[in-house]
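Below you'll find the structure, written out as structure tokens, and then a few comments.
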Amino acid sequence: MAKKKSILDLMKMKKAEEQVAWVTAYDFPTASFAEQAGMEMILVGDSLGMVVLGYQGTIPVTMEDCISHCQAVRRGAPNTWVIGDMPFGSYQVSDEDAVRNAVRFMKEADVDCIKLEGGDRVKSRIRAITDAGIPVMGHIGLTPQSSGQLGGFKAQGRRVDNARVLIQDALVVQEAGAFSLLVEAVPPEVTKFIADKLDIPVYSIGAGPCDGQLVISGDMLGKFQAFTPKFIKKYANVAEVETNAFKEYVAEVKAGQFPTDDHVYHILDTQEEFEKLFQEFK
């Protein structure tokens, strides 16, 4: 079993131009499969609101939701760097709130770090959490918790003025003490500049090549059917496999073809003894 990565390992990988591959996971089996496949990191994202809980966005997701799913992922991937995603409302109010909730992630869910969205507007939060001894990953570009302010789930940094803000935000996140940065739905030219400019690792989700790549597991596995982002490559169609399996099961149950003799437990005493037993209750 591979040794869990450390922040020092991730920094060394950036310097060596070695890519980091990671995915989201929200449950024990997916986390276990991801670890077996050699993923260096797993994000328990607030995207669980959409891909697991059926919400229209990430806003309704609670701390309890995130912690519960982080606990399941940690049990499934004990040797993988696990990132707890701070949900909407867990860090927006104050630095004290942010630290308190980040501590909950570390103590209750046994994550290795937390992630929060935003640049300049959350610099005091990042600083406060890191001052408390908790590693922080930043997140800029398309930030789902702020999608309403961004005009929906749209790519960011496609114009010079917006790209300038993203670059400034990236520098602020690093200066505030974050150990890494996730950039989402940003043109690769901008992402590359940020990755080259920053000393900390810069990871991409739909933002082109940099120090590593993140994808939503439900998207890459073809499980989430509401929509598929442009940047997703489907490596499987699990939804089709599961649906067909369910259909076959329904058909066999209706036709009396399941269960067969192979799928039942057989009695250990004689049939006659059981017949006597049944007679007692008639």
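All residue numbers here begin at 1 and follow the chain in the order shown.
Cβ coordinates come from backbone N, Cα and C, glycine included.
Residues annotated as active site, proton acceptor in Swiss-Prot, with sequence analysis given as evidence: E184. The Mg(2+) binding site annotation in Swiss-Prot covers D46, D85, E117 and is backed by sequence analysis. The 3-methyl-2-oxobutanoate binding site feature in Swiss-Prot is assigned to D46, S47, D85, K115.
Everything Swiss-Prot records as a feature, shown here on the structure.
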residue	record	contacts (Cβ under 8 Å, 6+ apart)
D46	Mg(2+) binding site	T58, V61, C66, D85, M86, P87, F88, P144, Q145
S47	3-methyl-2-oxobutanoate binding site	T24, T58, D85, P144, I216
K115	3-methyl-2-oxobutanoate binding site	L43, G45, I83, G84, D85, M86, V136, M137, G138, H139, L182
E184	active site, proton acceptor	H139, I140, G141, L142, T143, Q156, S204, I205, G206, A207
Exercise. Considering all pairs of residues in D46, S47, D85, K115, annotated in the record as contacting 3-methyl-2-oxobutanoate, what is the maximal C-alpha distance expressed in whole angstrom?
Worked result: 13
For this session: Would you find the one among the binding-site residues D85, E117 whose Cβ has the most company, meaning other Cβ atoms within 10 Å?
Result: D85
Problem set entry | DSSP three-state assignment (helix, strand or coil) for E117 (Mg(2+) binding site) | coil
For this session: May I have the list of same-chain residues other than D46, S47, D85, K115 whose Cβ is within 8 Å of the Cβ centroid of the recorded 3-methyl-2-oxobutanoate site, in sequence order?
Result: T24, L43, V44, G45, L48, T58, V61, C66, M86, P87, P144
